[in-house]
Amino acid sequence: MKKLYLPLVCLGLLAGCSDAGTELTAQDLIADTEASSSDAPRNKFGFAEALHQGPSLLPDAPVPARDSGVRVIPKQSGSAEATARASETEGGQQIAYSYGFGFRIAGDHIAELQEAHIATCEAMGEKCRVLRTSQARTDLDAFGEINLQVASDQAGLLENALSDPAEKLGGELMSSVRDGEDLSENIVDTQARLNSRLVLRKKLTAVLQNSKGSTAELIKAEEAVADVNEQIDATRAKLQQYRNRIRFSDVRITYEPEYGQSRIGFAQPVMEAAGSIGTTLGITIGFLIYAITALVPIALLVLAIRWVLHRFGYRIRFWMEGSKG
């Protein structure tokens, strides 16, 4: 028992140390940064805006643009009606588009390429908005991301404007995504609801003006009008949000290091293997428990059959020999 005690203690220590975690990748570093900032206090003096527009980062590891296009909820805008027509088809459909671009470039140039793309957006004036930027770099990995809102009549032409500075820095466009969502039905339904609320408010107002009832009845009528006004404001805001999504397209740009620069080297695989010691040990022990649990009833059944054969085998054999005699 003493000889087995020391190896068991060593395995326990290794399992505990392995749960301490390995070196964070660039995307994990982004996730941790955003997780800590999401609990920060927010007030009306711009701190919340700084969290969203500065280098604040999403709680989930960013997904490359080649895997998915991401929609960012647009802010309300007073853009011209001509911009909205760029997203309407001949059949009257109103489509909100979102775009995704994935660039591969040396890790040292990710920040420089991000600055070039931000400058391109700022040069477009009111037709482009920078919603969010983020970047992180470790010894063996790097990652960057930008979320934009671009006028729908300019978003389709953005690919060339983004690719030119990338090529100058030795990078290349690896993936692109264009995703569309038809909002025609949503807009029609919301507009119909708004019209019905406006008619109802007009009727309630007329009843309130001509009413000669008691004070309690007048108060109830005023409350009904106030409730309808709230519904009208909410419906108008929702309708404006749909229209703004058509006027401005969401654009997500991701940056990844060149092949061979991410998670390559001697130390990283060793650290990842060491970090999984606890998990591997737990899986092995769990497998043994499952195996023992499954084999115990089978072993008992085999022993029972063997005991029955041994117990009654002689009697059966004696009875058969006696019948022959």
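Note that Cβ sites are derived from N, Cα and C of the backbone, with glycine treated the same way.
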Tell me which of 22-55, 56-89 corresponds to the region 'Disordered' entry in TrEMBL. 56-89
Checking 106-133, 134-161, 218-245 against TrEMBL, the stretch recorded as coiled coil is 218-245
